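Visitor: Handing you this structure, nothing more for now.
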Amino acid sequence: MAQKRSHNHKDHTAKAIKRRKFNAATAKSSDDAAHDIVSVDQLDWKTVTLPDRLDDAEGFYGLEEIEGVDILRPSGGGEIKFKASKSKIKGILKNSTDKSGQPAEDWEEWSGFGDDSEDGDGTTLEAEKKAENHGKVNDRRTKTNNSNKEKESNKLPKDRGPRIKTDNGIKTGVSFAALQDEVEEDVDVSAWDSLDLSAELQTSLGRLKFSSPTPIQSACIPAVLQGHDVIGKASTGSGKTLAFGIPIVEYFLGKYRGGRAPTASEERESTKEPMALILSPTRELAHQLNKHLTDLVNHAPNTQVRIATVTGGLSIYKQQRLLADADIIIATPGRLWEVVGSMTGFLSKLKKIRFLVIDEADRLLSEGHFKEVEEILNAIDKVEITEEAYGERSEREPEPEPDEEKKAEPRQTLVFSATFHKGLQQKLSGKIRYRNDDLLDKKESMEYLLRKLNFREERPKFIDVNPISQMAQNLKEGLVQCAPMDKDLLLYTLLLYHPKHRTLVFTNSISAVRRLTQLLQNLNLPTFALHSSMAQKARLRSVERFSSLSSDPSSILVATDVAARGLDIKGIDLIVHYHIPRTADTYVHRSGRTARASASGKSILICAPEETTGVARLVAKIHSNKKDSSATESKMEKKVPLQSVDLDRRIIDRLRPRVTLAKKITESILAKEKLSSEDDWLRSAAEDLGVDYDSDEFAEQQSKGKGKGRGRGGGRQAREQKAASLSKAELAGLKAQLRELVSKKVNVGISEKYLTAGRVDVDALLRGEGNDAFLGHVEKLSF
């Protein structure tokens, strides 16, 4: 029997401990070899730049930072060390750069002469081998490219025929249509000669078909070019954008010697400071200003002006890149203030702008709105006094005033709007104190703006080209009175009365926009929505679809007052005020979306009985000066401010079934969407709380708590629940009935069997002329 071998556990334990110590020492040595340990003074610390909007840092100045190191804290205290890898240590040490700013050479320990011989020209054998291999690779690439070209040439069709040799200096394929366009674009711009504009701008104006300046342009452009601060007031659609856009571009052309764009060396030498800042109250107006100025610049030869638009709803990082080298900045106040706060050093550049333009100033400077405007104005007007300036002065010299220490930049302030008086911003509803004074008083408007803005001149030039009326001359204003529940019916009737007319419908709430858009779409009308709760891309998409030349000429845009200012869309013939505007200036800007320039347009108010007080105050504020004007304006006195629009009651009665069905369908769809969103919110809240949620049980308890529709909002909730209770089959039946009604023409008392017996023009029907919505003769609106 063999003897059993005994194991010594103590020896194995000792060997394992020794092995772990050896491995730890090896790892430590390898870690120390791969990293360098340095002290605090050896690192090249970088100064932390503080944000521009940080006024009071509470002592946190002179902060420095370093990246790419680890902190080593001694166990027994002592100096803190920093560890970094050898690949990164070269870039963070103080001596890693020489005096010239170039990286220092990598000094290595001398290890003697190598085995490789060196030629007389200092090229090693290893370098020669690398060059030889590189040449072989290039030869292979050349052969590959040649073979690919041969293959592509072989793939060409054989019946192409022999190639025609052409001169490299002559471009082929240019059609004569381009020459024809050049001839057609020639417009007589001799009317602009009195403004002394450059040849580049006159060429651009000719290509844009602007043959003569408008009154506001003729009055403002010379004053701005002379360096004056200007306050311009003109009716909507009078060309106020070019009144300040042309002088800004003219200044740019004069700065670069007649339109020459800055060279690359000039761009490197310059700090890329913006030249002009244009503030806009809405995103749509900002993008429209960008479009107009871009068209002006693109049609001017040899002119390269960089324009950046900063609005909400778009990428803030992209806007930061655009601001870095922008010449003209067009922005809404909120997003601009946000971007300025996230950038370093940009506020100091913004203080050096040459032009500050405030478009729609009455809205931007109104009390309680756009707080960021005041912050932006205070920031660019703030004067900083550096410590170096005080250090250079002797102690005997008195402290200088801020104006003496750093003189303000020669910035021009340009203010434009169609309404300036604060009385127009008072609410039309409710109890207000009515003052029977001149609502367009020049003195009050000047004092109001002088308190808000820091003009360079003591008294800026106030230019008012239409002191009597703020409305466009070719605008017709009408009024439709209706019952409280018939607004939808009269709106639909007005739209049918104006076929092939682009119509803009204004409401006072977002919920009304959503409901009317759904209602008109159910009535088979091309309708788009626009309100502030929409995403920015959706807003731009709605405006693009509504204003596109390829879209339906009967397109309808239902919008809140976000579209009331500055929106310049060609072809808008009708403005319908579904709700009476809250203020008189809003009515002016709403109606200004039509009858722009020399075109004509209509503006119609739909007035319910409870809105008559607001309409009376509106007429008193807007049209009061017409009665008090001089005898030379006798023609305007004969014109009734708001003409009554008489609609045919037969047509209204025949359209009522359509609108009733459309309202039922719309209310059902919106109620289902609302209940679904509320149910989703309650379900997610129940999951967060960890409780069970039953929608039917919750609805039953809620109805019991409300007391069967009693209390505030109880009746509305009961109607919504009833509308949402419609099944899919019932909803589909209502839609089928509505489609059948909409597919037919509205008969106004004509026999469909004997068309020739009445007043129907059969030839016009066959040609598609007249109003396709009606069957029979319909009188046009009298106003």
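We number each residue from 1, going along the chain as drawn.
The backbone N, Cα and C atoms fix where each Cβ goes, glycine too.
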Visitor: Of the ranges 55-58, 359-362, 443-446, which one does Swiss-Prot flag as motif 'DEAD box'?
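Guide: In Swiss-Prot, residues 359-362 carry the label motif 'DEAD box'.
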Visitor: Need the matching range: Swiss-Prot marks region 'Disordered' on one of 1-32, 609-640, and I'd like to know which.
Guide: 1-32
Visitor: Ranges 190-218, 248-276, 712-740: which does Swiss-Prot label motif 'Q motif'?
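Guide: Among 190-218, 248-276, 712-740, the range Swiss-Prot annotates as motif 'Q motif' is 190-218.
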Visitor: Quickly jot the same-chain residues contacting the motif 'DEAD box' (359-362) by Cβ under 8 Å, restricted to those at least six beyond its ends, or write none.
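Guide: Result: 240-241, 244, 278-281, 285, 289, 415-417, 419-421, 424-425, 449, 565-566, 585, 589.
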Visitor: Could you count the residues of the motif 'DEAD box' (359-362) that DSSP puts in helix, in strand and in coil?
Guide: 2 helix, 1 strand, 1 coil
Visitor: The motif 'DEAD box' (359-362): mean pLDDT?
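Guide: Averaging the confidence scores along the motif 'DEAD box' (359-362) gives 87.
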